[in-house]
C-alpha cells in the first residue's frame, strides 16, 4: 500500500512537471533531484510517524515487561521530547548553513539506532516470567495434579522482607534497570527527528517554485498521515504474539493476550520500524547541498547569489548597499547581538504569548489522552491491549486526518480571516468538548473481583486492603496475597487466584486448566452452575459491548472536530507575528510547546492513574511491579477529570485571545479610516496622468506588526 502511495506521489509530481506552461530544462525533468528529494521526504515522514506511533502503541507492553508504574512509563515516553529539545535550537539556527540532506540522512540513522537500542533489553534479559501460583506445582495431562488450596502456603512469606544484599543481587539477576535502554533509545529517536522537518521543508521551499511548494508539502503531510495507521496496526499484531515467541513452548503458557500479565512481542516492531527508518535515510546521502531553482533560467541563476535560507540568516536591512551581490559575512557576535532584541520584541506581542499558553494547555490534554487511551479502553471496557490499539489505528487516526483536511478546505473555501478562523476554532472545540463530556456517561461496571471490587458475598467492596482478600471460605488455605492469577468462576465473579477461590483440585494443563470444588463459589449468594472455574478474568456484562460501540462512535466524531481546528489555529499563529520574526517565533513556539506540553503530561497522568490501582503485581525480587487491575470508576474520574479541567482553562484562554484579536482588528480598522484622507502623504502614486489607472505603493514601518 505504501509503495502504491509513493508511486502516486511520483506520478503527481511528474504530471505537474509535464503540464507546466513554462519549458523545462534538462535539470527539471520528471525525475529531477528535487522530485527525488520530495519522494524521499514523503518516505521519511511516513517512517518517523510509523516509528513514533508504534512506540505509543507499545507503552502497555513495555510497562508490563519491566514491571514499572504508569508514571515511569510516562517519563520514558517523554524522553523523545527531551532528546528533541537537546538539539532543536542548534539544528534550527545553524543547520541551514550545513549540508541539509546529509543532516536529514544522519538524523534517520540516529532514529534507526534509537529503535535498535530500544530492542537491546529483550536480548539481555532472560525469558519473561509472569507471576503465578500455578507453575509452582507439577501437573500431568488429564490428572488431578495441582492442589491450589494448600494447608501450608506462602502466606507467611508475604511479609518477609529480604535483606539489602539479597534484594540487590536479585534485581541484578533480573535485570530490573534495563528500561534505561528504552529511555535512551527513545531519546535518540527524538534527537534524530529534529532536522527532518525544519531542514527538509526549508530545502524544498528554497529550490521549488513558489506555486509548487504548497502542493509538495501537502503530499508530504498526506503520506505522513498514513504512518500512525500502520504503526498502530503493527502494534496490535505484535501485542498478540508472546514476548518470547520462538524461545519457549507456548503450550506451557497459562495466560493469553487478554490477561493483564501478558506481554506481547514489543521488541519485534522496533526492529521493523528501525529497518524502515534506515532505508528512508539512504537517499539523502546522495543528494546535493543545493539545487537550481525550479523554472529559473541560467541568467537568473547567475544573478541570484543568495540561495534562500541556505545563505542568509538575518534579513539585509541595508537597502543602499553598494555591493548587493557580495553579502558581508555574518559573525557569531552579530547573530548573538541580534537574537536578544528579537526575542524581546517577540515576547512583547501579547497575542503571541496567549497563543503559546493556549497551545501548551491544549497539548497537555492531547498528549495525556493519546498516551493512556489504550489503557483507558482496556480498564473501562475490558478489552485486550491488541484490540484497543487496532481500533485506534483504523478509526481515530483516519478521522483526525480527515479533520485536518476539512479545516484547511473550509479556510480556503470561505476565505476566513483571523477573526473568522478564531470563531471556527472555538465552535469546533466546543463541539469536541461536548462529545468528551458524553464519554463520561459511557461506562461499564468494575470487573467483579471478591476482596477488591466486591465482597465475597457479592456486595460492593468499600475497602481495597489486601486483608479483604481473606474470607471464611479460603481461611484454611494459607494463600499468597501478593500474586495475581485470576480465574473466572461459574457465578460470574473473578477471583484473584485459585487458592483465594478455595479451589481444591484441578484438571487439564496450560490454558485449558479447570479448577474444581471451589468453596468460595458455594458461599457466594450469586447463582452458579457448578463449583468450577477456568483461567482468566470473566467478561464484562452484555451491555458493556453496547457502551463501547457508543464510546467509539463518540471518540471518532470528537477526534474529527478537534482536528478541524488544527489548520485554522496554525494560520492564526502565522498571522499574529511579525514577518521578520516568523522563523524565531515558530522555533520558540515549538520549543515551549514540546517542553511544557509534551514532557509533563505522560508523567502526571501516569501518576494519577497509579493512584487508582487496586492490585499491584509482584516482581521476581518481591518489589511492587506493574498494576494488574484498576478501579475503573476512579480511573475514569481522574483521567477525564484532568482533561475536563485543562479544557476549561483552554476555553478561558481562547476567550481572552479572541477578545485581543477583536480589539486589535477594530483598532487597525479605525487607524485605516483616519489615515484614508492622508493617503497622498504616505503613498506614492504613478499613472498615465488621466486617472484611468494608477499604481499605488504604500510603505509600512518595519517595526509594525502584520495586519490581522
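Easy rule for this one: first residue shown is 1, then count along the chain.
From the backbone N, Cα and C atoms, a Cβ is placed for every residue, glycine too.
Note that the coordinates shown come from a computational prediction; the quantities given were computed from them, not determined experimentally.
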| query | TrEMBL tags one of 15-33, 34-52 as transmembrane segment - which one? | reply | 34-52
| request: Write down the single range among 638-658, 659-679, 680-700 that appears in TrEMBL as transmembrane segment. | output: 638-658
| remark: Averaged over the domain 'Kazal-like' (467-522), the pLDDT of the predicted model comes to 89
| Highest-contact recorded stretch vs the transmembrane segment (264-286), from 34-52, 72-96, 214-243, 346-367, CB pairs under 8 Å | 34-52
| request: Go ahead and report the DSSP secondary structure tallies for the domain 'Kazal-like' (467-522): helix first, then strand, then coil. | output: 13 helix, 11 strand, 32 coil
